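Single-structure report; data block below.
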Amino acid sequence: MRKSLKKLLLILNGALLALGNCGGPLIQRLYFLKGGKSVWISSFLQTAGWPLVLFPLIVSYMFRRSKEGARAKLFYITPRLFLASAVLGVLTGLDDFFPPMQKLTSFTINAILLLTIGAVILVLHASSDRPANESNKQYFLGFFMTLLTAALYGFVLPAVEMTYKKAKQTITYTLVMEMQMVMSFFATAFCSTGMLLHNDFQRIPEEASAFELGQEKYYVVIIFNAVLWQCFFMGATGVVFCGSSLLSGIIIATLLPVTESLAVLFYHEKFHAEKGISLVLSLWGFISYFYGELQQKKKNKKKKKTSELELA
């Protein structure tokens, strides 16, 4: 893949990741604030938008078909990659700190440290945003489940990167989309099982009729929930393909205080000093990461020129 195209895809997927990472939690919170109660429905919606990936895949196939004719493959994914994607999909359905398999520089370590401190500051002051009438048991259960989710998805991203590296075939962006669709499908299937066991599919009309914003807006919230979360997952795996799992994790961590700031704007939450400090630390970490990458590229170019001169 040409460098210019890969950069364009990185920007596109970074934008999708930012949109999903900020919009997904906000609209998910709207669902619960206005009367939504089912955790399984909320989990189901995070990956239920997988059919949306079919549209770019169809366009990609039509393009291949016009160039290659009947020889064009319908899918690039192999049974081995399908199985790996299915396992990762189930892990996503269970749903972020597994060390990425790449060289760490002082700048990336600094970025991770700053982002971690920023996230910890938010966590320490999270009790101020506790919803009304929520018991201590519910609050701490939610807190520990959030930590577990973060740790699990922190494993998924490097596992996706490792799958790309270990695949015995050329990894194209079309293949990345196919793998993401399989992952989301199996994650949705996992959550569907939970919904069936808890009769949550039957509760959807009841929730819609009792929704504070009205029945029609309930379904709008549901649809946008699925769309925004699919943007997040497609963006996350796309950034892993174009960059690395570390870069994907850096973007996600950087946007955490941004999402908190947007909650202040849309839900009129209090903007405490801790949120401001977390935002500054996260942006500092984000800049540190990219400055380190820039310095590393300069070093690599210098080494390449030196080796070329020695050979000459």
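Glycine too: its Cβ is placed from the backbone N, Cα and C atoms.
According to TrEMBL, the protein carries these features:
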| type | residues | note |
| --- | --- | --- |
| SIGNAL | 1-20 | signal peptide |
| TRANSMEM | 39-62 | transmembrane segment |
| TRANSMEM | 74-94 | transmembrane segment |
| TRANSMEM | 106-127 | transmembrane segment |
| TRANSMEM | 139-160 | transmembrane segment |
| TRANSMEM | 180-197 | transmembrane segment |
| TRANSMEM | 218-241 | transmembrane segment |
| TRANSMEM | 247-267 | transmembrane segment |
Contact set, same chain, for the transmembrane segment (39-62): CB under 8 Å, 6 or more residues outside the stretch: 24, 28, 31-32, 72, 74, 89, 92-93, 95, 174, 177-178, 180-181, 183-185, 187-188, 191-192, 194-195, 198, 200, 203-204, 207, 222, 225-227, 229-230, 233-234
Remote residues contacting the transmembrane segment (74-94) - C-beta distance under 8 A, at least 6 residues beyond either end: 43, 47, 61, 152-153, 155-156, 159-160, 163, 167-169, 172, 174-175, 178-180, 182-191, 233
